Each structure stands twice: as structure tokens, then as C-alpha cells.
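Lifted from Swiss-Prot, the feature list:
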type	residues	note
BINDING	Gly22, Lys23, Gly24, Gly25, Val26, Gly27, Lys28, Ser29	ATP binding site
BINDING	Cys196, Cys199	[4Fe-4S] cluster binding site
Amino acid sequence: MAEEGAQKATGKIKSVVLILSGKGGVGKSTVASQIALELANGGNKVGILDVDLCGPSIPRVLGLEDKDVHQCADGWIPVYADKNEKLAVMSIGFLLRNSKDAVVWRGPKKNAMIKQFLSDVVWGDLDYLIIDTPPGTSDEHITVAENVRGLNLTGAVMVTTPQAVALGDVRREITFCKKVGIPIVGIVENMSGYTCPNCSECTNIFSKGGGEALAQLTQVPFLGCLPLDPKLTMSIEDGKSFTELYSESPTALAIREIIRPLITS
């Protein structure tokens, strides 16, 4: 019954993609937002759902902090990030009186809110629904896994950084996905080197290649590397699409390579 309710409220969704990370601070929401923006730039109808209830970042990275969600007879109407209404957004950040308020909830209340997000948002028909999840593995992840089974789940994109501690956490995330039956689209290594804003040369300030090595070890596809790019940071601060502003940059090309399996799946 929950699955039927989700389909009725959300409309037809062709592909659901989860964005996961084993730990916080690896740029998961940045990757989620850039995937959603690039898919929308390609003419797709895209929704992005922020279920990181205690740390909602999507309104900030898309420049939508001052927006409000409205209700209709069928549920919540999402916020649109563009005039053409190609990118719809839903986050608990839109429901807080003050965007800086802390969400201090126990597990059952968080799970109830996630279920409501997955059943009561009036997306309309979507080509893609990108779900930005909290870091780690918790009750919230189990709730998401249980409630997307009735939808067209393409799988999960894992976001990590090159450091060993982040890679270890992602390995546990991969185990979680296998246990709950979530297909894995692949691994993205974020913050993989620093791109100079003047000459575009990439310098490895952390270790490099850990994400690809982990992908080989766990037999999971490796989707590519994203460097620390000051221009990407600036575009996020302005709530703009990086791939539109810097379409020929190495980072933009890397983002397009990352979404290729989502388009062809």
C-alpha cells in the first residue's frame, strides 16, 4: 500500500538514484546537486529529494534557501530551481522556520518524515529522482531502501574522498547496499586533487586513486574523479550550474562522464 501511495502522489518516475557516502564532509550533496543540474540541462525532468534531515544542504547548494514549500490537495508542491521547471527540489530545509534551526528528532519521527517525503511530494512525471541521503548507514537509510522498492530504482552512487578513512566507510556502505538489495551504479572519488584556477593544472594534495582501487576490490564500477575546483565552489555559492558556466572545463567533462551510466541505464 505504501508503494502504491508513493506512485500515486509522485507521478511516474522513470529512474530513482540514491547518493550515498560512508561519512560526512566528502561532498555528497555537491555531487548530488551537480548530477541533478546536468541531467536537467540535458532536457530531462528531474527531482532532487534531500532526506538528510539533520544536515539539509541541498537548498544552500542550489541557491534556494529563501524558498517555501506549498501544499495542495495531493501533498507538497516542490520548489523549482529554474524557470522552465525542469528541476524540482524538496528538503526539510524548506519547512524550517529558520534555516539554521537544528532538527532534534528521534529515529521514528525521522523515518515518518522520510516516508512522507517519498509519498506526499507532487513531483509530476520525472525522468530522474535524485535522493541525497545522510552520511553513514542508519534507520533513515533502511527506511529509504524499504520505500523506494516500489519505484524504478536504478541504484546508488557512492561518494568518497581519496583518504583511507573515507574509503573504509564507503566499503561498509557497499556492504549495506548488498544486504538491503540496492544496486550500485558506481563510485565517485571527490576532492581528487586541486585544480589551479589560473592554469587548470591538477595537483594531488591528498592521496589519489583510492576510489578506483576500492571499486576494483569490491567489483563495483568506477565512475570517475572530481577535483577540488575553486570555480565549482563559486558556482555552488551562487546556486548556479557549473557545467553550464564552464562547459569545457575538465571538471565539467568529469561530471558528464559520471552521469553517463545513469543516462544509458
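Every residue gets a Cβ built from N, Cα and C, even glycine.
Overlay of Swiss-Prot feature records on the structure.
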residue	record	contacts (Cβ under 8 Å, 6+ apart)
Gly22	ATP binding site	Pro135, Gly136, Thr137, Met158, Thr160, Ala166, Gly168, Asp169, Val170, Arg171, Arg172, Glu173
Lys23	ATP binding site	Pro135, Gly136, Val165, Ala166, Asp169
Gly24	ATP binding site	Gly55, Pro135, Gly136
Gly25	ATP binding site	Pro135
Val26	ATP binding site	Pro135, Val159, Thr160, Thr161, Ala166, Asn190, Met191
Gly27	ATP binding site	Val159, Thr161, Asn190, Met191, Leu226
Lys28	ATP binding site	Ile19, Leu20, Ser21, Asp132, Thr133, Pro135, Val159
Ser29	ATP binding site	Ile19, Asp50, Asp52, Ser57, Ile58, Val61, Asp132
Cys196	[4Fe-4S] cluster binding site	Cys202, Thr203
Cys199	[4Fe-4S] cluster binding site	none
Helix, strand or coil at Lys28 (ATP binding site) [DSSP, three-state]: helix
Additional residues around ATP, ordered along the sequence, whose Cβ is within 8 Å of the centroid of Gly22, Lys23, Gly24, Gly25, Val26, Gly27, Lys28, Ser29: Ser21, Pro135, Val159, Thr161, Ala166
